[in-house]
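Student: Handing you this structure, nothing more for now.
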Amino acid sequence: MKVLVLFSVLFLTLFSYSSTEAMDEFDSDAEEDMLSLMANEQVRAKACTPRLHDCSHDRHSCCRGELFKDVCYCFYPEGEDKTEVCSCQQPKSHKYIEKVVDKARTVVG
């Protein structure tokens, strides 16, 4: 019986040691993978299109305002030319919300 208890304790010790080694190896691999993904994302990031500039090449490339991202609006100008013109603009509702938030910040401190 003593041998069985001793063998069980030895087995549990070795098992816990091997599982912690495997977890440490897994954690280091996960950290390396996360760092490589972040580096790839930074390389892949592109420059945003400023407000009131042409966004017809990429309609999702508008820059962020203070609180909200600008939206690419497309329209057809008056006249004989029927080409579509797109520009990054701030929606009026976002403009009003930003004004209210600015006023609240000045009042609160």
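These residue numbers are counts, starting from 1, taken along the chain as shown.
Every residue, even glycine, has its Cβ placed from backbone N, Cα and C.
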Student: Determine, on the basis of Swiss-Prot, the cysteine among C63, C74 paired with C86 in a disulphide.
Tutor: C74
Student: Can you sort out which of C55, C63 is the disulfide partner Swiss-Prot gives for C72?
Tutor: C55
Student: Pick out which of C62, C63 Swiss-Prot lists as the disulfide partner of C88.
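Tutor: Cross-referencing Swiss-Prot, the cysteine bonded to C88 turns out to be C62.
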Student: What residues, ordered by sequence, lie under 8 A Cβ-to-Cβ from C55 (disulfide bond) and sit at least six positions away in the same chain?
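Tutor: Within the chain, C55 (disulfide bond) has Cβ neighbours under 8 Å at T49, S61, C62, C72, C86, S87, C88.
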Student: Taking the Cβ of C86 (disulfide bond) as the centre, count every other Cβ atom within 10 Å, in any protein chain shown.
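Tutor: Around C86 (disulfide bond), other Cβ atoms within 10 Å: 18.
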Student: Checking distant contacts: for the region 'Linear cationic cytotoxin domain' (89-108), what same-chain residues at least six beyond its ends satisfy Cβ-Cβ under 8 A?
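Tutor: Sequence-remote neighbours of the region 'Linear cationic cytotoxin domain' (89-108) are 51-52, 65-68, 70-73.
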Student: With DSSP assignments reduced to helix, strand and coil, which class does C88 (disulfide bond) get?
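Tutor: Strand, per DSSP.
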Student: Counting Cβ atoms within 10 Å of each candidate's own Cβ, which of the disulfide-bonded residues C48, C72, C74, C88 comes out highest?
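Tutor: Within the set of disulfide-bonded residues, the most crowded position is C88.
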